[in-house]
Amino acid sequence: MLNKPVLVESLIVFVIVLSVHAVVWDRYSWCAVALAVQAFYVQFKWDRLLQLGGAVFQFRTAANSGLLPASMVIPLLGIAMKERCKAAGIVYFERFGIVVASTGMLVALFLSVIAVGITKPVPTNTCILTGVAGSIIIYTMKHSLTVSEVIEVLEVLLIFVYLSMILLYLLPRCFTPGEALLVLGGLSFVLNQLIKRSLNVVEGRGDPIDFLLLVAVVGVVLLGLFFTVLFIFMDSGTWISSMFFHMMTAVLGLGVIMPWLYRLIQRNPLFWLLQFLFQTQTRVYLLAYWTFLAASACGVVFYQNAKRSSESKKHQASTVTRKYFHFIVVATYVPGLIYDRQLLYVAAVLCLAVFIFLEYIRYFRIKPLGQTLRHLLSLFLDERDSGPLILTHIYLLLGMSLPVWLFPRSCAPKGTLSGAGALVPYSGVLAVGVGDTIASIFGSTMGEIKWPGTKKTFEGTMTAIFAQIIAVALILIFDSSVNLNSSYAWILASVSLVSLLEAYTTQIDNLLLPLYLQIMFM
């Protein structure tokens, strides 16, 4: 049987799914409910495969499979986007939301079929349930999507299959099946969008900052794949290999990524970026402020490592110490959200590219910084960093940035959505920056009553909910663009459900919680 925390986590996800479809019930709601039911049953098969070591790839062992919560994220995001853009009368993005929802459902269904297929003996009841859910989804897609949209969904599925085989083989124990679904599913969609837009470039159409996101994400992933294959045949820790790494990075960056971006935005990417960053005095002040915060974060890392050197008994940073970075990230994002969201969008993209590039340097032991980064970051490892890559800081950045990147700007004529939707860009700040941080600090220092079957405490969850409500009140005071239109009960319910999910999930909360809060707000 499934253990109690998994059952409660599943119940919370079902409540979120039903809450969304209580507001918007249409043909896609049947698909989402059917997908959730079959994912719940298949999740048990994945958990059993992980316990017995029967999965095809090596997944992260300190957590359950997380298939149900991960399976619902992309479909619910697509459905929420469809409804918002339909209300705004933007047909193109309404169709785009349908494609996103259909893609998420098909990719999640594929992962379920894999689990059922490799389970021995074959689980007859689960097979029937998966078949029924698949039939409902395919029937709905047949009557909802055009031929070109069906081809696009199948393209993403094909990319997902190939990326899964490559990255899960190269990166053992870095993901659970649910985290792999989220990360690789999102990456597959980004790659497909970049290919599609590159083949259909129309001058003056599309926002350059969206193209920057697509090219940056695909560029750093392709860079990592290239060097992974290269360093199979040579030692990455030598000076010659390190010089070759830096040289090839420059060649690929200037010879492939820059021309690719030039084709999409129809202007010199470097000149455009410099002009964008220093366009107004407000942006200069924000960049200076963020530079100071980045230096402060580096100072925390150096100070904690110096402290470790003097205290030989202390090998790992405490939970409270790791949450310093959450406070720094909140201090980074809030001014950007209030004063210049486009600048925050671009800065987050650049920061993600830098984080991933530094992780390559650490992983491949590239001189002169590789070994130093390994030593400095080892202090902040936790049980979720069980694979060859350290991903928790990248997940933190993604959790804060995804609500900003995924905000449907084209469907918000005044730059903001109405009601609780106005808080969508703040989802990462509220769920991770405030809620998760406060829950961890108060739970670990003052918590006594534990939620059944978990290490999380009742006090931590309650203080997290209270802190997020206070944060919403402060956002209302300082951000004049936010108008909640009396949707306070929905906001309280959304924050409470996501905080309960934080208490029971064993997945990467930095990635999962902001997406669910964004879905509820949208």
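Keep in mind that glycine also has a Cβ here, set from the backbone N, Cα and C atoms.
Taken straight from TrEMBL:
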TRANSMEM  12-41  transmembrane segment
TRANSMEM  61-80  transmembrane segment
TRANSMEM  92-116  transmembrane segment
TRANSMEM  122-141  transmembrane segment
TRANSMEM  153-171  transmembrane segment
TRANSMEM  211-232  transmembrane segment
TRANSMEM  244-262  transmembrane segment
TRANSMEM  282-303  transmembrane segment
TRANSMEM  324-339  transmembrane segment
TRANSMEM  386-406  transmembrane segment
TRANSMEM  426-446  transmembrane segment
TRANSMEM  458-478  transmembrane segment
Remote residues contacting the transmembrane segment (122-141) - C-beta distance under 8 A, at least 6 residues beyond either end: 27-28, 30-31, 34-35, 37-38, 41-42, 45, 102, 105-106, 109, 112-113, 116, 150, 153
Tertiary contacts of the transmembrane segment (458-478), as residues 6+ beyond its ends and Cβ separation under 8 Å: 338, 423, 426, 429-431, 434-436, 438-440, 442-444, 446-451, 484, 491-492, 495-496, 499-500, 502-503
Distant-in-sequence neighbours of the transmembrane segment (153-171), which means Cβ under 8 A and at least six residues beyond its ends: 57-58, 99, 102-103, 106-107, 110, 141, 145, 180, 184-185, 187-189, 191-192, 225, 228, 387-389
Range from 61-80, 92-116, 282-303, 324-339, 426-446 with most C-beta pairs under 8 A to the transmembrane segment (386-406): 426-446
Per Cβ pairs under 8 Å, the stretch of 92-116, 324-339, 426-446 packing most closely against the transmembrane segment (61-80): 92-116
Residue numbers, six or more beyond the limits of the transmembrane segment (282-303), whose CB comes under 8 Å of its CB atoms: 321, 324-325, 328, 331-332, 335-336, 339-340, 343, 347, 376-377, 379-380
